[in-house]
């Protein structure tokens, strides 16, 4: 039997009810919560991220919520570092880390580790930005396609941050992101074969979602409508009023925020903004489902069931995560 300390992953698509179940679990288990969400890290972005209320967070604290200003970037590597530190602190107090959220790349980074990418090089980054100003980002995307077609296929020409980083990695290291990630994948496979652990925990993997996809779509539509009624547009106006924030930042590119930003720019009508915001959220949920379908040892719960807490506890007891 493994002597590794326990941890619980509670995953699922957006609007599935992850937070509610996580709160119920913390009421009956010695758990402490860690958020796994690339948008919830930002302060001042509350309505559009469906961030738990201040009252709820005061009663049930979540690590890694409201830790950054929207002007700052936060990578999967940053998350892995912060999450491992939080998990170690929680475990040291005899508690169980309960990680809850839907940013699947973060879970993957935590489980498998990350490719050893070169550190940012301000000089190279400045050179890339100068080229972009002179030639346009499409020309730089063409450069990336020539050296790393796999990354170019994933990165849109209008995503300057990721495009710049992919070119920077190649210019600094002489290897493409795809090559470095392939090397990391091989190392992870070899580590698993030799019994080495990327993550020093015995992890129970839970996922919650409605079995009826149409129900999820209706939830997404209703939640986006509720956000607008709660003042989502005013929240984005406050962000736009800051001179250091712009549409190219990761925070502003978050689902919902980019559509409201475009509306305020006059690029979309109110109806178009609502429609595109809902569609973008559905597309996010679809991507989350794609990740989850490939996840190993995953125990599914139906959002519509009224007995998910006992079902989750039964599963955790079955795999001896609580012993």
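Count begins at 1; order follows the chain as displayed.
Even glycines carry a Cβ here, placed using N, Cα and C.
Pulled from Swiss-Prot, these are the features on record:
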- 12, 13, 14, 15, 16, 17, 18, 19: ATP binding site (BINDING)
- 14, 15, 16, 17, 18, 19: substrate binding site (BINDING)
- 37-40: region 'Interaction with substrate tRNA' (REGION)
- 103: site 'Interaction with substrate tRNA' (SITE)
- 125: site 'Interaction with substrate tRNA' (SITE)
- 161-165: region 'Interaction with substrate tRNA' (REGION)
Additional residues surrounding ATP, by Cβ distance to the 12, 13, 14, 15, 16, 17, 18, 19 centre under 8 Å: 102, 208, 209, 303
For the substrate site built from 14, 15, 16, 17, 18, 19, further residues of that chain with CB within 8 A of the site's CB center: 12, 13, 20, 102, 208, 303
Secondary structure tally of the region 'Interaction with substrate tRNA' (161-165) (DSSP, helix then strand then coil): 5 helix, 0 strand, 0 coil
Length of the line joining the Cα atoms of residue 12 (ATP binding site) and residue 125 (site 'Interaction with substrate tRNA'), in Å: 36
Among 12, 13, 17 [binding-site residues], residue with fewest other Cβ within 10 Å: 17
The region 'Interaction with substrate tRNA' (37-40) - residue tally per DSSP class, helix then strand then coil: 0 helix, 0 strand, 4 coil
Nonlocal residues around residue 18 (ATP binding site), in sequence order (Cβ under 8 Å, 6 or more apart): 10, 11, 12, 100, 101, 102, 208
